[in-house]
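Comments concern the structure below.
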């Protein structure tokens, strides 16, 4: 049986000017957030002896007089406009059920997708019969939250050409609280791969397409063999995402790119070794601090 033995190594000194223990916005259950009675109680809080106390571990968020605690580990609570990556779990009458890491399965209506070729017309019984030709069980899609039902389930749509069925790539499942909200969640990285950072914690990595196929209305998926160099870049990005997530670093295009650059000196398979992971994440955090400063 092969054994992997690693000897102690000297780590490069990296000075970080902040500490997680100094942050006042992180609380655990039972922590007193404020004793001021002028604040309103929001999600994740309760009042104990006239003091506002946290009931979950997470980040304190203040909106005017309302205080709530956003849990660090939770299911995805979608809002209108969120970009999600999901997997089709069931084909029903005039709708698909989609697993999006939320408490309930999301719904993608037949009327909320582009028809192949981008036709604009009412959906007919013929379209309903050919639903499995568009999307079937197990297919991965990128979509946007159109509305939220009264029971908390999400209604999705893929009407824009940037959404639709996903082709060849790698899905990485992370915590939704680690994804930073941005104007765009579709990133073409300079290292040769592209990334969809779903607000629901599902991240899709795929080789950057040379040309966009707009005639297919979001249903075209390339089945061309992916080159070894592209696969290595995607594998490195995947390990970088897991390393950042293990150290609870917020994920957005800049942090992922800095982590990728810091990991270039190591082999892809070594990135997830604890000491290498720590070194790469520390370098990434230092670069992020230098950029902010």
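Cβ coordinates come from backbone N, Cα and C, glycine included.
Since the structure is predicted, the reported quantities are computational estimates derived from the model, not experimental observations.
Residues or ranges marked as domain 'Exosome complex component N-terminal' in TrEMBL: 26-63. Residues of the same chain lying 6 or more positions beyond the ends of the domain 'Exosome complex component N-terminal' (26-63) and with a Cβ under 8 Å from any Cβ of it are 20, 69-73, 177.
What TrEMBL records for 75-147 is domain 'RRP4 S1'.
Residues annotated as domain 'K Homology' in TrEMBL: 169-210. Per-residue pLDDT, averaged over the domain 'K Homology' (169-210), rounds to 91.
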DSSP puts the residues of the domain 'K Homology' (169-210) at 3 helix, 19 strand, 20 coil
What does DSSP give as the helix, strand and coil breakdown of the domain 'Exosome complex component N-terminal' (26-63)? 0 helix, 21 strand, 17 coil
